[in-house]
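Have a look at the structure below before the remarks.
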């Protein structure tokens, strides 16, 4: 059996990142956590006699040499009023790397073992302190990279998803109660009125939750934005402008960027993974050729493409090929750069021509910042279509596990409706209803297995 389920063990882990900092938090829990920790605290009797939810100042001591390891503040919790439902100690110490190692070594020396990833949260779940939807929300909250994802995780942590699943489950059980009447009493089938509206409502609620999953995945993965174009048109300048920092080398020499550069930024609460790619051109340089191949591959996979054109120069053959290939692609915005310079008449006339005027374009100058607000407005228009739909949903599903179970429950509901149309016997309908309820119970953790829990919590970070 996995050590995750050895609930009687006293466990310890660093709950904050392992790097030098002003403070760190070392978390411990277990049936003997307070007694064991007291042997390494400067005033053991104070801890042993203390009530829960109290804070104590003192020192971590080597219980053999009495050497002081660190000056600490200790938060003490007594079962069952703690996150794990067990006695727990949280130590706030100085964030010295050597100090952290020495303190944890002493925890191990007095009988604690290192916690497995997610073990504290698992113990909280097993103690009935939270359901699986809240446990997963904690993990989502920790890993959130943008305000939108963070807000969605907080919403689920407050119990919104559990409440929604519980409501659907109660509706389905009400349907079961209604058809149970016909199981208990003989009734003329012609007089039977099955409350199909209850099942249709549940079907609609499940559809809505399942639909929200695609939006959630897009929010978590972010927008893949590729900056493409010929050499020396200002892609790297635009890259730096979007990031608001100098990440890419800007040079008047063509071919400065020979491979892509990747970075991330947040815009209106949405994560953008932006790629500054090698300029598209014919070249004999093998390394640059590889960079161009990668550029073309990124373009094909991109969510959004900014094709940068130099309005002060002539359009290249590569520009014309790209425009012809992507002129009807809604992912592409043609960014007409360098409007601060004397413009090339042929290039300007090309984009003003009737054949090409329908192209999605915006004029900017990365040097003077002309048109940048217009560019930002175009970005907002793009993300409004697929990435700002969270307002359409009261709850958004982002867990692959939850989405898979919701799809199973939905398939069972469809099957149930089909059997109702076929006038299948009530006892068979009751069996199907119980199956739906069990699947919904797997989402919240009311029905689950050790294997499922082990697989889920191993993806948590240490100390959580």
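Note that Cβ sites are derived from N, Cα and C of the backbone, with glycine treated the same way.
Residues or ranges marked as (6S)-5-formyl-5,6,7,8-tetrahydrofolate binding site by Swiss-Prot: 27, 90, 129, 464. Taking Cβ-Cβ distances under 8 Å and a sequence separation of 6 or more, the neighbours of residue 90 ((6S)-5-formyl-5,6,7,8-tetrahydrofolate binding site) in its chain are 15, 25, 26, 27, 28, 74, 75, 77.
The number of other CB atoms found within 10 A of the CB of residue 232 (GTP binding site), across every protein chain shown, is 19. The GTP binding site annotation in Swiss-Prot covers 232-237, 251-257, 276-279, and the record cites sequence analysis as its basis.
Taken from Swiss-Prot, the feature Mg(2+) binding site covers 236, 257. There are 24 other CB atoms within 10 A of the CB of residue 236 (Mg(2+) binding site), with all protein chains counted.
According to Swiss-Prot, the feature K(+) binding site maps to 251, an assignment based on sequence analysis.
Per Swiss-Prot, domain 'TrmE-type G' is recorded for 222-384.
For residue 129 ((6S)-5-formyl-5,6,7,8-tetrahydrofolate binding site), the same-chain residues 6+ apart in sequence whose C-beta sits under 8 angstroms from its C-beta are 83, 84, 85. Ranking the binding-site residues 27, 235 by C-beta neighbours within 10 Å puts 235 at the top. Of all the Cβ atoms in the protein chains shown, 27 others lie within 10 Å of the Cβ of residue 278 (GTP binding site). According to its DSSP assignment, residue 236 (Mg(2+) binding site) is helical.
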